[in-house]
Amino acid sequence: MIFQTTSEDLRTRARTGILNLNGVKLETPVFMPVGTRGVVKTISADDLEELEYSLILGNTYHLYLRPGTAVLERFGGLKKFSTWKRALLTDSGGYQVFSLNSLFKYEQDGVRFQSHIDGSRHYFTPNSVIDIQRTIGSDIMMVLDDCAPFDSSQERLRQSLDRTHRWAEMSVEYWEKNKNSSHLFGIFQGGIDLGLRLESLQKIVSLPFDGIAIGGLSVGEPRKDFIRILEGVSAYTDRSRPLYLMGVGTVPDILDGVKNGVDMFDCVLPTRNARNGQVFTSLGKINLRNEKWKSSDVPIDPHCGCKVCKRYSIGYIRHLHHVGELTAFSLSTYHNLYFMKNFLSEIRKSIQAGEFLKIYAKWKNLYEKPEFSG
């Protein structure tokens with residue numbers, strides 16, 4: 001058992017827990033920064049350790065293509081290659097099948113694709129992506145799945161479920177024959193069709209995965225459908241295992257995920273938005289490129305304790321963004337990841353204190369507005 005619930009909210013499905021990944025213990029709900037190619041863009045492993053992150057995400061598809069499994073094997077895995085000393089989760093490449101669909105072709109037992117880099121041809125199967133993730137050295141491996149677009153026809157959604165379930169069974173069979181210290185998570189699909197979602201959840205929960213993931217949400221569907229599916233599946237999840245909502249990381253989405261029992265989140269938005277000049281604060285979102293911050297001598301967030309806010313003014317960081325200095329990206333990214341760390345900590349404390357809905361309302365009010373106006 002890698003997961004233990006430590007407290008539960010009495011009015012929602014929100015809970016706190018401990019996730020134990022080969023000796024690295026994490027408090028949940030937890031947010032994972034995304035290091036697609038083996039690094040969280042613009043910041044170092046030292047920064048992540050200073051920020052006290054213990055779990056990051058890497059991408060199997062991209063790491064398989066570059067630097068490639070031969071290099072990773074030579075170094076003893078991504079963690080030794082990058083000197084990352086804590087835990088690592090890798091996705092399987094299933095989402096890249098969805099997002100780069102024109103370059104891929106599904107087959108019965110896998111997916112053929114062309115590299116987006118040089119056009120070379122490759123083939124992923126449920127077994128091969130487990131082997132690749134083992135070479136990467138993942139603490140949590142995700143199974144290969146078929147993520148259909150949310151607006152797919154019933155026929156396409158049915159294909160997605162059948163393929164996802166077949167590949168999940170193949171993954172479990174292969175994994176159990178060749179177990180190591182890695183943990184395997186299953187993924188359920190179904191688009192925005194609640195009936196298919198529940199069918200897929202039932203199937204994936206029936207298999208001996210270490211954790212369960214919600215795939216194919218927050219991929220462009222209307223927000224009301226995102227909420228409807230979260231609420232619809234919440235009562236049927238297996239509370240003995242961690243629940244991971246893949247690719248989700250906005251403040252409102254995390255709040256609704258936690259409310260419905262989600263334990264784990266990842267998303268590129270805190271880091272991508274930082275590079276585009278949007279930062280998260282205790283007062284709401286701020287666009288650093290806005291002219292009104294040009295002469296401001298206050299920090300990004302007067303209530304933030306990160307080293308960026310302790311040292312630099314918002315006017316200075318705006319200037320760096322305005323002239324295209326790379327330091328703007330690293331400073332803004334550091335701040336946003338500090339914010340996310342503290343935000344999840346506040347959520348955990350509110351659940352433990354029986355005040356989650358109070359925190360839920362506070363942050364929803366702040367982050368459903370377009371931008372803090374100053």
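These residue numbers are counts, starting from 1, taken along the chain as shown.
Glycine residues also receive a Cβ, built from the backbone N, Cα and C atoms like all the rest.
If you draw a 10 Å sphere around the CB of G216 (substrate binding site), it holds 31 other CB atoms from the protein chains shown. Residues annotated as substrate binding site in Swiss-Prot, with sequence analysis given as evidence: D91, S92, G93, G94, Y95, D145, Q189, G216.
What Swiss-Prot lists as active site, proton acceptor is D91, and the listing cites sequence analysis. Of all Cβ atoms in the shown protein chains, 31 besides its own fall within 10 Å of the Cβ of D91 (substrate binding site).
According to Swiss-Prot, the feature region 'RNA binding' maps to 247-253 (among others). Mean pLDDT for the region 'RNA binding' (247-253) in this predicted model: 97.
Within 10 Å of the C-beta atom of D266 (active site, nucleophile) sit 20 other C-beta atoms, taking all shown protein chains into account. Under the DSSP three-state reduction, D266 (active site, nucleophile) is assigned to strand. Marked as active site, nucleophile by Swiss-Prot on the basis of sequence analysis: D266.
As a summary of secondary structure, the region 'RNA binding' (271-275) carries 5 helix, 0 strand, 0 coil according to DSSP. Sequence annotations record features per position, and here Swiss-Prot assigns region 'RNA binding' to 271-275 (among others) based on sequence analysis.
The Zn(2+) binding site annotation in Swiss-Prot covers C304, C306, C309, H335. Under the three-state DSSP scheme, C306 (Zn(2+) binding site) falls in the coil class. All protein chains included, C306 (Zn(2+) binding site) registers 21 other Cβ atoms within 10 Å of its own Cβ.
Cβ proximity to the Zn(2+) site centre (mean Cβ of C304, C306, C309, H335, cutoff 8 Å) flags the following additional same-chain residues: P299, I300, D301, G305, K307, V308, K310, Y334, Y338, F339. Nearest by CA distance to Q189 (substrate binding site), out of the recorded positions D266, C306, C309, H335, is D266.
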